[in-house]
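Everything below concerns the one structure shown next.
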Amino acid sequence: MNFTSIQNIDFLDKWVKQALKIKKKPLKNKKLGKNKTLVMLFFNSSLRTRLSTQKAAINLGMNVMVMNFGSEGWTLEYEDGAIMNQGASEHIKEAAAVVSQYADIIAIRAFAGLTDKEKDNAETVLSGFLKHATVPIVNMESATGHPLQSLADAITMAEHKTQHRPKVVLTWAPHPRALPQAVPNSFVEMMQLQDADFVITHPEGYELNPKITKDSKIEYDQDKAFENADFIYAKNWSNYKEYGQITNSDPNWTVTADKMKLTNNAKFMHCLPVRRNVIVTDEVIDSENSIVIEQANNRTYAAQVVLQKILKNGK
Amino acid sequence: MNFTSIQNIDFLDKWVKQALKIKKKPLKNKKLGKNKTLVMLFFNSSLRTRLSTQKAAINLGMNVMVMNFGSEGWTLEYEDGAIMNQGASEHIKEAAAVVSQYADIIAIRAFAGLTDKEKDNAETVLSGFLKHATVPIVNMESATGHPLQSLADAITMAEHKTQHRPKVVLTWAPHPRALPQAVPNSFVEMMQLQDADFVITHPEGYELNPKITKDSKIEYDQDKAFENADFIYAKNWSNYKEYGQITNSDPNWTVTADKMKLTNNAKFMHCLPVRRNVIVTDEVIDSENSIVIEQANNRTYAAQVVLQKILKNGK
Amino acid sequence: MNFTSIQNIDFLDKWVKQALKIKKKPLKNKKLGKNKTLVMLFFNSSLRTRLSTQKAAINLGMNVMVMNFGSEGWTLEYEDGAIMNQGASEHIKEAAAVVSQYADIIAIRAFAGLTDKEKDNAETVLSGFLKHATVPIVNMESATGHPLQSLADAITMAEHKTQHRPKVVLTWAPHPRALPQAVPNSFVEMMQLQDADFVITHPEGYELNPKITKDSKIEYDQDKAFENADFIYAKNWSNYKEYGQITNSDPNWTVTADKMKLTNNAKFMHCLPVRRNVIVTDEVIDSENSIVIEQANNRTYAAQVVLQKILKNGK
């Protein structure tokens, strides 16, 4: 089995329960990964994902080998039939097949380039590995999804929800740099598997890929969206229609204490790293209702439930 | 407990004895670190510190996860209340709290910038982690101190001293690049805990921070300082008053064989890396009296005594 | 013992047999490397070598510490007596002696610079470590040789040869960038230890170092060389006489299906990474006769037989 998308989760509730069990006894399955090797390939920088995924593997007794393509490696070619007389020195066909021989599981981080919508939607890097690798693949954030993050989010919400069907709001917030849609995409897909009153709020024109949002509710009035919310999940993303552009940086979308007052004493969530006083004010993120640190903690258990399932199920 | 400064050493003699015991049987406490994780965060490049600290952790049976902020990560914000719409993508508050969740001990290397004296003296990075991390912190060289190095120096001197109260001379020497004061600072603080005739010698104007040197003896005449010395510890540092500047590059301060003749057959020490024939001549560093390689070897045992104490004492 | 050149192999047949034995049970000697540490030093980027050598060490139960000099370290000085007031901040004398204290084996990757023939032939980095390190050295590709690759090639040929004395052809092929001679050099030296009909083919003027090729047969007509071949080993290298230059980029040297028809149904080999449709056409490398992925797989067992021998024989 692979874990490249929220779609790979069969029963989200079950996965969340297993993760919470793992969280209580993280070393219980330390023998499961014995003599198994996780190779982590980074095409982009990483802090939380790097450390939490590695920690999860260590908790399972796995060996970990890390490869940073940026500083330690080279550019790959993804196109079939390419005449490789330019920058790329290796084709994904060889790279994926070769690394598979040294690994029991390959985990990959490769962000959206945000310049070529079609290429990003095609998930060039991840798809290349899926096609040509011979071992299971784990997505550590790809061009269009970050399912390990959203699984950690689901775990965190399960720990903090006080009613069966909470109101969960994903709110866009401004950011000085153009960011991918990977995190909101996977969050939306994950919420679609949950029993919740789920609302997405963002400025008009900032609609995510409609193939992902499907019939999820969109509310352009942030205040209205916040009303009675149990969870506020803030995240910036760049424009999907005017692909990769920043067409709005309205500070009125920053999550403030005043806005949080509209909610049902909502918990504040963010995947981190977060720009303080741009995405959210200090007052909100430093409040008791902020659960961003716990979200990051749960990254380990999200990764561990995924690795554990792969180790148990094999390819 | 943390280990961020020489001040964290309660009884230097005892630590040195423990380190020498560890040196004889480095794997004796291999079970102590089982299932414990050291996260090493590098904001600056490193060879000795990187490998010796990692080796120490491995000797104690710990897992090690390494993160290079330069090539793998991003810029952190340290100021409270900052509106983060510039370069920094994450606040130390989140970074430290998050990494703490993946680590049992965090070790940090973050050099002085040498442009803003106040900022360097405030130890922005190290203090940020001390304040916001929830696990013990180890200093792998900060803006103003390098206590793991000085502890290794103390171990090395203990191995090589031939009399109870040796004369120890810290001598400035020229260098083509502006270097931090971290190593000499910690060496001075460490010597202040020892029973020794300790003398600092450097050109006038190159005084270290007087809050650190306190009443340690300063002798501007290098020849006079060298007389009867048992240990010559050479090190360059940039000007502290005219902060971070190179105001002197006088080759007469290079440690030569002629100067070593003034001593009591002194051992030659340097923390490495060393610029040969600039800091010290080949003749001296290649002589039998040079103990620079052993100093580097003892870095492992200095780190190991520190990690061992933290693992035993906990937070 | 060191492993820096094909010359370090006493009986190639025996080594190949041992590697094939290891390949069947890679974890059989997991206790051999217990509490032993391999330090891998990279002065150049690496994918296969990085992961396969690390995997080999893990299979033997060793600890591995990785150091990337490019992104994590600094420039070394190799000249005796140098006045180090320029870029280099540490002399090989100290670097090698110090790292030896943290390592049981040091593995090094340092490519040819391709600008100074004499310096490359002197193997500045590798020789420096050989001279000043106090533990065994393994060559992970140096200026003039890549013996781990050639040992893996020998293993792969042993697995695929169908007759006692196969015809093996090393063919030059074009490439957009100037590449070192390390791989062909070691391949030639390895073939000289084998009972085979060995032919080197390349454009006139592209002769490798005659001290290496010795009396190995050279055939300038690629078609003629391919006739009846059992193995075609393709590889680009830059001009050795007009050192490091690209004086030929003739696409007629690309290995095509038509050319493979001249052979005795030959296996196609390449050390990877390979430029598709420049070195070799898709048709050939994607054919059943291509064994490039298996070559890369055998890198692990080549490294493992080397590390195993060093661990058993000691220094």
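Placement of Cβ uses the backbone N, Cα and C atoms for every residue, glycine included.
Copied over from TrEMBL:
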- B:11-159: domain 'Aspartate/ornithine carbamoyltransferase carbamoyl-P binding' (DOMAIN)
- B:Ser46, B:Leu47, B:Arg48, B:Thr49, B:Trp74, B:Arg109, B:His146, B:Pro147, B:Leu148, B:Gln149, B:Cys271, B:Leu272, B:Arg299: carbamoyl phosphate binding site (BINDING)
- B:Glu141, B:His175, B:Lys235, B:Arg275: N(2)-succinyl-L-ornithine binding site (BINDING)
- B:183-307: domain 'Aspartate/ornithine carbamoyltransferase Asp/Orn-binding' (DOMAIN)
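Filtering of the binding-site residues B:Trp74, B:Glu141, B:His175, B:Arg299 by Cβ separation from chain A (threshold: under 8 Å) yields B:Trp74, ordered along the sequence.
Looking only at the binding-site residues B:Leu148, B:Cys271, B:Arg299, the one with its C-alpha closest to B:Lys235 (N(2)-succinyl-L-ornithine binding site) is B:Cys271. Using a 10 Å radius centred on the Cβ of B:Leu148 (carbamoyl phosphate binding site) and all shown protein chains, the other Cβ atoms total 26. Counting other Cβ atoms within 10 Å of each Cβ, the lowest count among the binding-site residues B:Arg48, B:His146, B:His175, B:Arg275, B:Arg299 belongs to B:His175. B:His175 (N(2)-succinyl-L-ornithine binding site) sits 14 Å from B:Cys271 (carbamoyl phosphate binding site), taking the CA atoms of both as reference points.
In this view, B:Trp74 (carbamoyl phosphate binding site) is surrounded by 15 other Cβ atoms within 10 Å of its Cβ, with every protein chain counted. With an 8 Å limit on C-beta distances, the binding-site residues from B:Ser46, B:Trp74, B:Glu141, B:Cys271 that reach chain C are B:Ser46. The DSSP secondary structure for B:Ser46 (carbamoyl phosphate binding site) is coil.
For the binding-site residues B:Ser46, B:Lys235, B:Cys271, counting C-beta atoms within 10 A of each C-beta gives the highest total at B:Cys271. Secondary structure at B:Lys235 (N(2)-succinyl-L-ornithine binding site), taken from DSSP and collapsed to helix, strand or coil, is strand. Residue annotation for carbamoyl phosphate gives B:Ser46, B:Leu47, B:Arg48, B:Thr49, B:Trp74, B:Arg109, B:His146, B:Pro147, B:Leu148, B:Gln149, B:Cys271, B:Leu272, B:Arg299. The furthest Cα pair among them is separated by 29 Å. DSSP assigns B:Trp74 (carbamoyl phosphate binding site) to coil in the three-state reduction, placing it in neither a helix nor a strand. For the domain 'Aspartate/ornithine carbamoyltransferase carbamoyl-P binding' (B:11-159), the predicted model reports an average pLDDT of 95. On a Cα basis, B:Arg275 (N(2)-succinyl-L-ornithine binding site) lies 16 Å away from B:Ser46 (carbamoyl phosphate binding site). Taking CA atoms as the reference points, B:His146 (carbamoyl phosphate binding site) and B:Arg275 (N(2)-succinyl-L-ornithine binding site) are 19 Å apart.
Closest in space to B:Arg275 (N(2)-succinyl-L-ornithine binding site), of the binding-site residues given as B:Arg48, B:Trp74, B:Leu148, B:Arg299, is B:Arg48, taking the CA atom of each residue. Here the domain 'Aspartate/ornithine carbamoyltransferase Asp/Orn-binding' (B:183-307) is broken down by DSSP into helix, strand and coil counts: 45 helix, 21 strand, 59 coil.
When DSSP labels each residue, the domain 'Aspartate/ornithine carbamoyltransferase carbamoyl-P binding' (B:11-159) comes out as 67 helix, 24 strand, 58 coil, counted as helix, strand and coil in that order. Taking Cβ-Cβ distances under 8 Å and a sequence separation of 6 or more, the neighbours of B:Glu141 (N(2)-succinyl-L-ornithine binding site) in its chain are B:Asn44, B:Ser46, B:Thr49, B:Arg109, B:Ala110, B:Phe111, B:Leu148, B:Gln149, B:Ala182, B:Val183.
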